[in-house]
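Structure, as structure tokens:
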Amino acid sequence: MATIRFTKMHGAGNDYIYVDTMKYPVENPEQLAIAWSRPHTGIGSDGLVLIGRSDIADFSMRIFNADGSEARMCGNASRCIGKYVYEAGLTTKTEITLETLSGIKVLQLHLTADNRVESVTVDMGPATDIHTVALGEGYDFTEGIAVSMGNPHLVLFTDNLAQIDLTEVGPRLEHHPLFPDRVNVEFAQMRPDGSIRMRVWERGSGITLACGTGACATATAAVFSGLTRGETAIVMDGGTLTIDRDPATGHVLMTGPAVRVFEGEIETD
Ligand SMILES: N[C@@H](CCC[C@H](N)C(=O)O)C(=O)O
């Protein structure tokens, strides 16, 4: 039996359990992500995030969805890790490099007057593999836009977001045959002020209140479709992220909040 200390954090409502594996090694993250994410019998979360040492960056991140599957990248968790490591005194840097399965990301911390991390900008790298996909028969949408942010996304623009039944169409599209590794699905509606309202069905976690890589994919798909140019606010159920593009590198820049909810300890067998 081992006792593991964890921190529950959220970014725009996308909530994960964070464990510092430099202090508390975790041997079976896939099983623990499933057990701990359950709302009634576990801690309750969208998944599990492991913060670790890295030989090539300041820290490393591993992210497991609520179904135990490992993802290559998570935007909201990367911001929360910036807050975690700075406020825990693990670094004094305000520019932090983070090793992920989709490469090294650079986090820029934005501090309050009393030295807390209020928000974080993450250089998410380039969006890649952007293309229109035909969904085929049996779907209300004829086509969507596929975008990779290190992890796969399918963005669908609609004029009536309120009418989308995420619990019905989300899982069907997550398992669409075009995406053998499954896909994160974003439904998006342009708003008169140029911002985008978006709701997400996440691969491996279902409906979440926000998705950082999904917000980047949505902003990228909007530019690809000629709907927006430049900085875009992506308004999700749990909060808003600002997505921009670095003109020098073409990289996607994501800015948003990171919030610590509570700490606790949990026993493993
Ligand atoms: N919520 C995340 C993405 C988490 C991983 C995703 N569900 C996947 O399987 O690719 C974010 O904020 O980016």
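Note: Cβ is positioned from N, Cα and C throughout, glycine not excepted.
Heads up, TrEMBL stuff is auto-annotated, nobody curated it.
Note that the structure is predicted; figures quoted are calculated from it, not measured.
The active site annotation in TrEMBL covers C74. Annotation note: C74 (active site) sits in a coil segment as assigned by DSSP.
According to TrEMBL, the active site, proton donor annotation covers C74. Around the Cβ of C74 (active site), the same chain contributes Y16, V49, M61, I63, T100, N151, G212, T213, each under 8 angstroms and 6 or more positions distant in sequence.
The active site, proton acceptor annotation in TrEMBL covers C211. Under DSSP, C211 (active site, proton acceptor) is assigned to coil, being neither helix nor strand in the three-state scheme. Cβ environment of C211 (active site, proton acceptor): N14, G75, N76, N184, E186, V200, E202, M236 lie under 8 Å away, each six or more residues apart in the same chain.
Taken residue by residue with DSSP, N151 (substrate binding site) is part of neither helix nor strand, so it is coil. Residues or ranges marked as substrate binding site by TrEMBL: N14, N65, G75, N76, N151, N184, E202, R203, G212, T213.
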Three-class DSSP secondary structure - E202 (substrate binding site):
strand
